[in-house]
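Here the structure comes first, spelled out in structure tokens, and everything after it is commentary.
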Amino acid sequence: APAMPAAGARCAGLRRRLPVLRWLPRYSLAWLQLDLMAGLTVGLTVVPQALAYAEVAGLPLQYGLYSSFMGCFVYCFLGTAKDVTLGPTAIMSLLVSSYAFHEPVYAILLTFLSGCIQLAMGLLHLGFLLDFISCPVIKGFTSAASITISFNQVKNILGLQGIPRQFFLQVYETLRRIGETRAGDAVLGLACLAVLAGLRAMKSRLPRAACMESLVARLSYLIVWTSATARNALVVLFAGLVAYSFQVMGSQPLTLTGSIPQGLPAFQLPRFSMAVPNGTIPFRSMVEDMGVGLAVVPLMGLLETVAIAKAFASQNDYRIDPNQELLALGFANVLGSFVSSYPITGSFGRTAVNAQSGVCTPAGGLVTGALVLLSLAYLTSLFYYIPKAALAAVIISAVVPMFDAGIFRTLWRVKRLDLVPLCVTFLLCFWEVQYGIVAGVLVSGILLLYSIARPPIKVSEGDVLLVQLGSSLHFPAMECLRDAVCSHALAASPPRSVVLDCCHISSIDYTVVVGLAELRQELRKHGLSLAFCSLQDPVLKVLLSADLEGFQHFPSREEA
């Protein structure tokens, strides 16, 4: 009999670590049909986006496809959210551009090391570290990234060559050379942007299919919904046909993507050194070059994945485990590095497509991954004719919604101090992404520590001074409390003894105990006493064990 509960506990632990076991035994034909439809729809979205995001990362376009299938397969077995899809994203591509120096060897090694760090964090249950990245920092970063990535693609819309990647130099050079714009690229790029915006708006205004009764109405809804959902693929296909038509006619006014190597990537260990013309860059130097990127990339990858999973889990009434998401993301990146992937994370846009397509389980990712592999095996020769302006339009259309202009007005109304980390992150990200994120986190941390060190203190005068802290008491706040108590107690006429209301204090440390003892001694020199009321049990035990001389406490404020 005792063996049964132990076996049950082992099975529960296995299901927690291998979430596929939760839904696979209940899998049905109805789920399969919906997962197939969702997987195909997401696949039509991911292929053009993968090519476009590789351009943002500064890598050859095939690396976008190399990064788009392993995450789909791994998350099917280890992921806890049915809607989430892993793959290249605009934010992660921007970070890779900053830390991989446009070198595939660096990008693949960054993927491997990021995956190892994420796995270690998952095993050590360090998912709580994300709680220290505040919403203003995230909003500042994503808004700045939206502008940076969008403007980075303006050169492809205009058909300009040789534009630097640093944002301010990029703005200057683009404006200086705007007279060199290629008319063909500009017309096609703007037309693609207009079509993508129109299809997005059309989709947002579609009525619910359930409200439609006639077959014609339902069929029309399906056609419009499919066109709007697969808009990236349709626009890229249309642009490719236009470019091919010009090629056949013997004139080519468009800048084309060019040749992409055909076939699947080799399954091999990432390289831990890189050959250069004058020698070899060793592993240690490569790690030093990546620097703070080895912290920023894993954390931002986890942040995107968990935020997306939580958003869709709350809409669909299921829970996710941040540490399990860490493990899934870590495994996806480690295994992805074996197939030449650059770092991946959860994609909000493709996850939304997945959810809207009615996906039932993470098995939809298997279909998406298979579609990417088929594209690599058989379709790369066709990608030659995709105009760069069309891919630029896909990127701009994907990242523009990330800019949240309303957050500035919202924070001004809610808490103006939160504008400080928001603006610091937003502005510094235009200089270097890592500086913006690190500076924003530091500013948020300083504001948090300041609120801990300077808690609100309410002093009520009567026969004794009743001092109440508006929040918990930590050691940085001890000096502030001491100054407030002494200034009020000694300035009163006549000087009054003090009762400290501890109803909001749930725990104290040794430094606080020492500070309270010193405060009591200082009051005693002036013939005053210090008593405590409304002590919670953990605090009372600590104060009793400290054996404070003359310690007095009252169960409630009234008795004091």
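Placement of Cβ uses the backbone N, Cα and C atoms for every residue, glycine included.
Just so you know, TrEMBL annotations are computer predictions that nobody has curated.
In TrEMBL, the transmembrane segment annotation falls on 29-51 of the listed ranges 29-51, 190-212. Among the stretches 105-130, 325-344, 364-384, 424-450, the one making the largest number of Cβ pairs under 8 Å with the transmembrane segment (292-313) is 105-130. Among residues of the same chain six or more beyond the transmembrane segment (29-51), those with a C-beta under 8 A of the stretch's C-beta atoms are 61, 64-65, 67-68, 85, 87-88, 226, 229-230, 232-233, 235-236, 257, 347, 349-350, 353-354, 357-361, 363-368, 370-372, 375, 383, 386, 391, 394-395, 398. Averaged over the domain 'STAS' (463-560), the predicted model has a pLDDT of 86.
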